[in-house]
Amino acid sequence: MSRGLELLIAQTILQGFDAQYGRFLEVTSGAQQRFEQADWHAVQQAMKSRIHLYDHHVGLVVEQLRCITDGKSTDAAFLLRVKEHYTRLLPDYPRFEIAESFFNSVYCRLFDHRSLTPERLFIFSSQPERRFRTIPRPLAKDFFPDHGWEPLLTRILSDLPLRLPWQNKSRDIHYIIAHLTETFGAEALHRSHLQVANELFYRNKAAWLVGKLLTPAGTLPFLLPIHRTDEGELFVDTCLTTTAEASIVFGFARSYFMVYAPLPAALVEWLREILPGKTTAELYMAIGCQKHAKTESYREYLLYLANSDEQFIEAPGIRGMVMLVFTLPGFDRVFKIIKDRFAPQKEMSAAHVRACYQLVKEHDRVGRMADTQEFENFVLEKRRIAPALMTLLRQEAPEKIIDLGDQIVIRHLYIERRMVPLNIWLEQVEGQQLRDAIEEYGNAIRQLAAANIFPGDMLFKNFGVTRHGRVVFYDYDEICYMTEVNFRDIPQARYPEDELASEPWYSVSPGDVFPEEFRHWLCADPRIGPLFEEMHADLFRADYWRALQTRIREGHVEDVYAYRRKQRFCFRFAA
């Protein structure tokens, strides 16, 4: 093939990425209108649509390339020259880092995830030195309290692009100042100033003002979630100023933000200062660039692997009936493989499990479901695999493994944030920590249900505890929509011996769920049962679940808060 064809292919891939990111920005730019019009169902649809855009445009480019090459075979040297031409197109390209990931995706689609080497792919960036480049235009604006904090905040809120009236702007400003004064003191506040991102961050039913509070002691987050009333008036719900609070807002268990970012790398660098605990992958994930986040996540994994001599081991916790889970002892992620054969009580297929994981990817995760990254043909060095894990892999997933001598290839796996399994956490804590964990677990169930998600298997082992103490669901094989479940009361026993029988005295159909039965396994531990009955007894009533179903069917979309109820201004300051 000619050298001109190699350049044409490189240009076609980059043009395809341009088209994809253009549509990405187009969908994102509609977030303001959806918020102003309270079109919450459109918010959910836009979230799904934006996720699908990437794979759709990869497919379009692949079809173009097949037409261009007209079915001719391509040797290794040809492919290397295509990558070389593509690399030459990137030095002046503003979104070079995501363009590299797009190239990887096109290659993987064309060659069915085979021969994934650094020579053929951008396993590592071709331009790592550009990460801290000069930003062409300011991402944020500085505001100084020369005339006090009230006029400063008035100016910030008045400059917002939102076209709705405020419910009571002066009240909200008073609340913000009260929070800042209480937290930092008047003297420190007088010597501080704000830097506020030019673009709002939209998610669910809120528009987030994201900024930095620059104090004499250092830089802190400054986050204002702006909501609208049913009457279409704006109000600030709270003010968050700690890195822990910001980390939860930008957490891995939440849906991606809609924020207009023509230069995503620049935005990621700007955010890094107020989210010091977040990796590059997590920051890209938070702003919706999930495919590039996958690239960065893989790079973080390779870096960890290169700087440790740890072996892969089975992950701590109760062994799953559907998934085989392993990890590196010091790494903050786990690797999950769908087993070849499931336990008898798991009547489902591998395709069903994959569909459940995709549902979670596209759905509003409300801070209660862990995001995952999906990989194919994942290579592991045998010397890094503990013998016990290797035996387990060969027993539980032989069809998923290709033996290459010194390496194995895992045909398909998921990577997910590592957490402490809730059942293990509950064994280790007591007192207030135990109470907090049970409260968190019940709240997780409620928030998932309100978002039209029924976990299916609600055992403690299927939930994890994050480093911030939040309880997050991570076992998705029985997940379904709330509206697909038939919540029933257990019929009254006909005779006393009915309750002693091994089989139920009533009929049970597929999709039937009896919430009264939850009590048997959620309250079995005498330390936990009384706490659960105190805080979450309504979860054992079928009418509670049916009432939620009614609200969902009527089109109601619940409010989701990335902070505790007591932090809301309406509870904290209202008389």
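Quick reminder: no glycine exception, Cβ is built from N, Cα and C everywhere.
Feature annotations, reproduced from Swiss-Prot:
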ACT_SITE  ASP371  active site
BINDING   ALA315, PRO316, GLY317, ILE318, ARG319, GLY320, MET321, LYS336  ATP binding site
### Message
Checking the spread of the ATP site as listed (ALA315, PRO316, GLY317, ILE318, ARG319, GLY320, MET321, LYS336): what is the longest Cα-Cα distance, in whole Å?
### Response
15
## Note on the structure
Neighbouring CB atoms within 10 angstroms of the CB of GLY320 (ATP binding site), all protein chains considered, total 20
### Task
Do me a favour and check the Cα-Cα span between ILE318 (ATP binding site) and ASP371 (active site); whole Å is fine.
21
### Query
Is LYS336 (ATP binding site) helix, strand or coil when read with DSSP?
strand
### Summary
Across the binding-site residues (ALA315, ILE318), the Cβ with the fewest other Cβ atoms inside 10 Å is that of ILE318
### Query
Do you know offhand how many angstrom separate GLY320 (ATP binding site) and the residue listed as 'active site' by C-alpha?
19
### Task
Measure from the CA atom of ASP371 (active site) to the CA atom of GLY317 (ATP binding site) and give the result in Å, rounded to a whole number.
20
### Summary
Listed in sequence order, the residues of the same chain lying six or more positions from ASP371 (active site) whose CB sits under 8 Å from its CB are PHE252, ALA253, MET285, GLN290, VAL360, LYS361, ARG365, GLU416, ARG417
### Task
Please list residues from the chain of LYS336 (ATP binding site) whose Cβ is under 8 angstroms from its Cβ, counting only those at least six apart in sequence.
MET323, LEU324, VAL325, THR372, LEU413, TYR414, ILE415, GLU416
